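Peer 1: Straight from TrEMBL, here's the annotation block:
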DOMAIN    45-311  domain 'Homogentisate 1,2-dioxygenase N-terminal'
DOMAIN    313-466  domain 'Homogentisate 1,2-dioxygenase C-terminal'
ACT_SITE  His324  active site, proton acceptor
BINDING   His367, Tyr382, His403  homogentisate binding site
BINDING   Glu373, His403  Fe cation binding site
Amino acid sequence: MLYLGHYHSPQYHGFTTEFRWPHCQCLFWTRFPCWLVQRPRAQEEYLSGFGNEFATEDPRCPGALPEGQNNPQVCPYGLYAEQLSGSAFTCPRTTNKRSWLYRIRPSVCHKPFAAMQHEALMDKWDDVAPDPNQLRWLPFTIPKAADGKVDFVMGLHTVCGAGDTRARSGIAIHVYTCNYSMTDKWVLIPQQGKILVTTEFGKMMVEPNEICVVQQGMRFGVDVFGETRGYVLEVYGVHFELPDLGPIGANGLANPRDFLVPVAWYEDRSVPGGYAVINKYQGKLFSSQQNFSPFNVVAWHGNYTPYKYNLDNFMVVNCVAFDHADPSIFTVLTAKSARPGVAVADFVIFPPRWGVADHTFRPPYYHRNCMSEFMGLIKGHYEAKEEGFLPGGATLHSIMTPHGPDVDCFEKNSTAVLKPERVAEGTMAFMFESSFSMAVTQWALQKCQRLDKSYYTCWEGLQTHFNPNWKPKSK
């Protein structure tokens, strides 16, 4: 989820959501040493690693973690032991994800769920006719605070997707536009302004150019600091992993040590009227009430956690001789399918880097792809289309739909003097790439009124340069 903006909230609003989005699970093949944090902390603190076995307790309750077992007859401080499973019990150890939470009251204490209406959050893909065109959206409109409060959940709008939430196979891409704080769950990628993400596991302050992943079943809250906008990738049924590095070797791309996991923090309090817990189940929203804070976990241990990552830490690999390497070299996280090398979804970025290739058209090449490509822009100007593709907007190039540099980009880079240069300085674009063929919602095509119907014209000026009398230069 890409958060863009600011928010004004002096305190938590007494609201939490539990959206069932199996997309944002972390998997890594190695187990690192267990970390135990027992020190005072004034602000958010973190543990380092991807898929590690972590252990942490709030320093206000030293010794809250049971010693030598997960589920003692009586837990320290009179806490309840609760396991959160992110994988089947019988998964191999390399893919088994679970954490033990030690909390003041268990999460089972809530009133029955009741259905919530949300017209713009979709999981049915047959309501609109297929559209294979190149699609581009201008920056999605953020509701003004003066026009009324719009929280995160009510500001969610589905742009496109495919698959089946019940079969847990498929993806959905959403945007959100809001101006008011509340609590919820997902993958977060701030564009402007910072957000405070409070989870059952602890707090994460997510700055612009960072992403935040909150995994399936984890309750969390988001404080924003003004008018806010962002993108969400929802993947049904599989976990995110770090991509295999192959011949790159042991180091590179997103390094495990740069992923940060929150340390334990709890609140023991109630609010008038109780807390609303919103659950996204089989594509629909349901709400229940409870009279205590869902953020009441005093200590926890395990490897199924939320985490954040600073995109500036990505170790870029690029061509240093000739030709344009495929964008897969910029993959941060991948959700694999059952077919080797084919992703349900990849999260790819296009960060600042050096361009040094000789005898090469350096921008992205013209392309028809067996994968769907949804792009967003966090900041700056994307090199292949410096006009029209704006921060807070998006593009979708569907399976086998042609796309590539616009006229200005092609003409300038076909005649440019090739020398080492910085590419995408001050820019961060990203791509959700998927093997699913995505349907676009009615909201995205019409109701949002942000679809750029002139997008196709950026290629209309491409001229033929064919010369049948061309001869190769003599060597």
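Along the chain as shown, residues are numbered 1 onward.
Any Cβ shown, glycine's included, is placed from N, Cα and C.
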Peer 1: Homogentisate site residues His367, Tyr382, His403: biggest Cα-Cα distance, Å?
Peer 2: 16
Peer 1: So how many other Cβ atoms are close to Tyr382 (homogentisate binding site), meaning within 10 Å of its Cβ?
Peer 2: 23
Peer 1: Across the domain 'Homogentisate 1,2-dioxygenase N-terminal' (45-311), what is the average pLDDT of the model, as a whole number?
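Peer 2: Mean pLDDT for the domain 'Homogentisate 1,2-dioxygenase N-terminal' (45-311): 91.
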Peer 1: In whole Å, note down how far the CA of Glu373 (Fe cation binding site) lies from the CA of His403 (homogentisate binding site).
Peer 2: 10
Peer 1: The residue listed as 'active site, proton acceptor' to His367 (homogentisate binding site): how many Å between their Cα atoms?
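Peer 2: With the alpha carbons as reference points, the distance is 12 Å.
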Peer 1: Which ones in the same chain are close to Glu373 (Fe cation binding site), with CB under 8 Å and 6+ residues apart in sequence?
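Peer 2: When sequence neighbours closer than 6 are ignored, Glu373 (Fe cation binding site) has Thr395, Leu396, His397, His403, Met431, Phe432, Glu433 within Cβ distance under 8 Å.
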Peer 1: Return the residue, from the listed recorded positions His324, His367, His403, with the maximum count of other C-beta atoms within 10 angstroms of its C-beta.
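Peer 2: That would be His403, with the most Cβ atoms nearby.
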Peer 1: Within 8 Å of the Cβ centroid of the homogentisate site residues His367, Tyr382, His403, which other residues of the same chain have their Cβ?
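Peer 2: Going along the sequence, the neighbours come out as Pro364, Glu373, Met375, Ala384, Lys385, Thr395, His397, Gly404, Pro405.
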